[in-house]
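Have a look at the structure below before the remarks.
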Amino acid sequence: GSFRGTGWELRTDAWGALRAGKGLLLSTYYGTVPGGQPEPAGDNAAGVALLKQAQGFADTFNQAAQTHQTVQMIAAKGNQTLNGASGQSNLDDELPPLAAMLKKASGQVSAIDGSEEGAGDKVPHSTAPLITVTAQAGLGMTAADGLHVAAGETAHFAAGRDMHVAVGEALSMHSGQAIGILAGAVGAGDGDTGIKLYAGQGDVDIRAQSDQITLAAKELMRLISANSHVDMAAAKSIELCTEGGASLKIEGGNITFACPGKISIKAASKSFTGPTSIIYTLPVMPHSICAPCMIGASASTSPFAARS
């Protein structure tokens, strides 16, 4: 029942450490080079090929994000805030993170001293201290307790087909800047599905707490309450318009109907009485503390910081 003798096992009942100052490759791919010799120790041709696929995949969908005017992927586009230049990353000033990773993982070094500039024949090896994991089949990561993944620059996840996230309790997604979601970049899903957001129980609350919300559809737009009311309220005015020029404007204490054609009122009875009004309580939006402002004020010894 043991595979000892047909492989190797690295084991300890106490602590262990594995260190490689110039890079570490873990791969389930193996093979030979012409002449029947084993591939060089740092050869990761299969992993490099998979990285190329990932880069092409990201470039395609980043272009789709640009076409559909949503948030682009820094992993493919590059961090344009570094030194004012586009396509920069921590690994390479001239390349975005994915392309930089591909370049460093597919490097060549001297077979004599392991340097990029060394003399003699070159052998494949990463040219940055990377840990590269390449699996011929699947790669499984499990933890009986927590699983924590952190990246100082960019974390990029890609799947050639499907990706699922399932949680037993709460799912939180927070962003210091933008969140972009694009569906249907290639085509609609099953049942002509684009995006579906459902709450099986509880409320759905969508807010723009410091700016505007825009809802737009090329075709029909529906707003339906199956069992209760539809409330529309605004601090200043509500205006309904059509391309033909007809409009209804509710502003302050006034209602204005306007149209280039006729107004038709059809009812069994009509009643015009004295004035009245309804006071509608509008939500109060929270104000967040500007963390960068506080850090800057602390550095400048100022007792005050801006509030956004």
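Any Cβ shown, glycine's included, is placed from N, Cα and C.
As given in TrEMBL:
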DOMAIN    2-65  domain 'Putative type VI secretion system Rhs element associated Vgr'
DOMAIN    120-275  domain 'DUF2345'
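When pLDDT is averaged over the domain 'DUF2345' (120-275), the result is 93.
Break the domain 'Putative type VI secretion system Rhs element associated Vgr' (2-65) down by DSSP state and the numbers are 21 helix, 6 strand, 37 coil.
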